[in-house]
Amino acid sequence: MSSIGTGYDLSASTFSPDGRVFQVEYAMKAVENSSTAIGIRCKDGIVFGVEKLVLSKLYEEGSNKRIFNIDRHVGMAVAGLLADARSLAEVAREEASSFRSNYGHNIPLKHLSDRVAMYVHAYTLYSAVRPFGCSFILGSYEKDDGPQLYMVDPSGISYGYWGCAIGKAKQAAKTEIEKLQMKDMTCRELVKEVAKIIYIVHDEVKDKAFELELSWVGEVTNGRHEFVPKDVREDAEKYAKDSLEEEDDSDEDNM
Amino acid sequence: MEKHFTDSKVKGVSTGTTILAAIFDGGVVIGSDSRASIGGEYVSSKTINKVIQVHDQIFCCMAGSLADAQAVTKTAKFHLSFHSVQMEGPPLVVAAASVLRELCYKNKEELQAGFITAGWDRKKGPQVYVVSLGGMLISQPVTIGGSGSTYIYGYVDAKYKPNMTREECQQFATNALALAMGRDNVSGGVVHLVVITEKGAEHVVVPGDKLPRFNDE
């Protein structure tokens, strides 16, 4: 799949003869090297799950979070270069906050997603800067509009989703997500399935230890984006681990 | 604005005025008189419409210096039309009021304009907001403003009830404005009303000879 754009890939301000901007494609590769993040929209909220790889036992538990709070009602899960993602989270926070200051109400997620996507896109136009090496998923819940989920990639496009995955195992995660009937599920049911999907796509061989980050926003949290409480998270992880064992067992039986 | 302040403080044409807005069951009525005067002595217009449309279902009434109020509403209208294109839908009434508030607050040294904003939106239904001279923004079910409003506080307090019908509210608004116009020399002319509901906005004009008459007239 990798192609060499010799000579046309040195700056974001150059097109290749076949109409590609290689720097943006390389930025997307940076996202594909990062561990997986998924976001799923159900009938009464959004759940985010991130497979946070722990590279050293010396790390403090819970450090280097990959899920951010953008506003009371908006959360963001990221994949790719974490430093780039943090800077974009700050941009998103300022957009949301200045919208509230100017217009007196919560920013609609589509608008926030469009604004941040425009910002990301601006960095794909010039040779003096490089594109952002991260994709992120934005999710929110508002009483009237319901749950919303949007994903922005390094090219600066934003898409609305019912379920999406970014990072190294995004294909496998997408397959699992497609099996779910998320439109009929509640957040409490969904959080277990999200944990299960992260456990499924996690590669035990290549990447050893990982921390599961789970967050949600919806009716269950009264519209506030929060990390999932400890007891719910432990429940979800237990469900995930048990489901994996069952599948291992059933595989053995089939033989 | 009190008449005895307007002479020296307000530049040029002022809307010594009476403006009002009230929520009823299913909509909101916003209205004003139609007199513009200079220094409280000369009536420069007998038929000015002080109810300005800032978006399809959002209107606002001006008080204070007419020039300032017109400049602010023009700017707000532009902002809101751009905002509604970006949002792919009509703006919320609170958004319109907030835009006016930002303009009034940030330019409070230069401006002398206050507004009553009323409208209908999908999220919260009918709403009324007051943006005062310095840029305070509050939401109320019924509100009055302008120099003529001082004469009708008692009437409004006594006669306004929540969840009136459209006809009751229209009559209440007409009566209130007529009473104010009867006592305030810088308010007068005709009554301009706009009735805003989910279906849209309807402009009603009550000419001088059709205004309700009270005991002393």
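Cβ coordinates come from backbone N, Cα and C, glycine included.
TrEMBL does not curate its annotations; it predicts them automatically.
Not measured: the values here are computed from a predicted model.
Under the heading compositional bias 'Basic and acidic residues', TrEMBL lists A:228-243. Annotation comment: TrEMBL describes A:244-255 as compositional bias 'Acidic residues'. If you look up TrEMBL, you'll see A:8-30 marked as domain 'Proteasome alpha-type subunits'. Residues or ranges marked as region 'Disordered' in TrEMBL: A:228-255.
Sequence-distant neighbours of the domain 'Proteasome alpha-type subunits' (A:8-30) (same chain, 6+ residues past either end, Cβ-Cβ under 8 Å): 2, 80-81, 123-127, 129-135, 153-155.
In terms of DSSP secondary structure, the compositional bias 'Basic and acidic residues' (A:228-243) contains 14 helix, 0 strand, 2 coil. With helix defined as DSSP H, G or I and strand as E or B, the domain 'Proteasome alpha-type subunits' (A:8-30) counts 9 helix, 0 strand, 14 coil.
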